[in-house]
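Here the structure comes first, spelled out in structure tokens, and everything after it is commentary.
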Amino acid sequence: MADNKRIVLAYSGGLDTSVAISYLKERTGKDVVAVSLDVGQGGESLETIKQRALACGAVESYVVDARDEFANEYCMKALKANAMYEGVYPLVSAISRPLISKHLVRAAHQFGADTISHGCTGKGNDQVRFEVSIASIDPTLKAISPIRDLSLTRDVEIAFAKEHKLPITQTEKSPYSIDQNVWGRAIETGFLEDPWNGPTKDCYSYTDDPAFPPVEDEVVIEFKEGVPVKIDGRDVTPLQAIEEMNRRAGAQGVGRIDLIEDRLVGIKSRELYEAPGAVALITAHQELENCCLEREQHRIKRDIDKRWGELVYDAQWFSPATQSLNAFIEDTQKYVSGEIRMVLHGGRAVVTGRRSDSSLYDYKLATYDSGDTFDQKSSNGFIDIYGLPSRVAAARDVKFGNGIEVPENTVE
């Protein structure tokens, strides 16, 4: 049985976490197991990252292609919940942290570790998301951050790498702090911390300039119980649906987001995001729900969706509250099946058509033309009953001299 003197490190392959392998071992005396996940972020292959981790001193390197798992079990939950924190942010980073945490815990159990390390600062949301998620899965594990807890600054990293001759090619530091996956991309940088400064073109990667779009792109997305299953008649998996909509909506500049965001840790921050596939799919899904959900159910779900997004943003993916909301949301999706036609153009995803066998839209009831089956005479009795509380309250107000004053007609 493996000893319990190891640390599992969330390893990205970059300078920070490459240095952290040897730094953690030197500072704590524990061997380090590097854990890397592919959640659709692109870049280097998992094999390249694995070999770099071993070359930097990791005793084991645990790598996982988690793209389908992420799309199926995390992105689709966010889609069904129409998750938009503060009305605009589709939780790009927030939904990946619970998945990464799950694999960190799995690796800790597999390799006999008692501590999990991540690369977060003490100022952001992700430190909370990782550590609360880890504690929710296995509360016996400890969590540390070299940057936050062991004073691992970038200057220390560079000096440490040179001194220990670590196999890391040091390139000019990008001015941007990037976190990306298949659901979207988060961009932070020093000059954007002034909220008056506009983003420059080189901030963006997933989206083209919406001011210069190509010819409009019409797409038909078919959903089954809230999940996209076909695009333009072709079968797709959730991952394929997200990837295709990233390409097509991104080419039209859809999904650029620039906001002042209320962070979990209590500060406001300026955030820049790109999420073309997420924004287009959520727009389509919301419109299908407009067709298929009963009015009161739909009203309640809109409130639940908002709260779900807040809980997940606030590191509560595994909480009992979120699990209960998941059950409600999943139940609402049993009739959310059908097709949505959208036009992607100039930064917008506009729904132009919808059809569903389970739609509650009834043409014969809605039309004002011949064939109308709605009995308009029924409205008289409905209005009498519906307006009764207002009439009773108005009569009381008049009785006590508080009736609504109507100005005299001054027209001569």
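Glycine too: its Cβ is placed from the backbone N, Cα and C atoms.
Not measured: the values here are computed from a predicted model.
So that you can see what the record holds, here are the features copied from Swiss-Prot:
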- Ala10, Tyr11, Ser12, Gly13, Gly14, Leu15, Asp16, Thr17, Ser18, Gly119: ATP binding site (BINDING)
- Tyr89, Asn125, Arg129, Ser177, Glu261, Tyr273: L-citrulline binding site (BINDING)
- Thr121, Asn125, Asp126: L-aspartate binding site (BINDING)
Inter-residue Cα distance where the pair is Tyr89 (L-citrulline binding site) and Gly14 (ATP binding site), in Å: 26
Euclidean distance between Cα atoms of Asp126 (L-aspartate binding site) and Ser18 (ATP binding site), Å: 19
Integer Å distance between the CA atoms belonging to Thr121 (L-aspartate binding site) and Tyr89 (L-citrulline binding site): 21
DSSP three-state assignment (helix, strand or coil) for Asn125 (L-citrulline binding site): coil
Neighbour tally for Glu261 (L-citrulline binding site), based on other Cβ positions within 10 Å of its Cβ: 18
Residues within 8 Å of the Thr121, Asn125, Asp126 Cβ centre (excluding the L-aspartate site residues themselves): Cys120, Lys123, Gly124, Gln127, Val128, Arg129, Val265
Spatial separation of Glu261 (L-citrulline binding site) from Asp16 (ATP binding site) - C-alpha basis, Å: 26
Alpha-carbon spacing, Ser12 (ATP binding site) to Asn125 (L-citrulline binding site), which is rounded to whole Å: 18
Asp16, Asp126 as binding-site residues, winner by CB count within 10 A: Asp126
Candidates Ser12, Thr121, Ser177: member of the binding-site residues with the richest Cβ shell (10 Å): Ser12
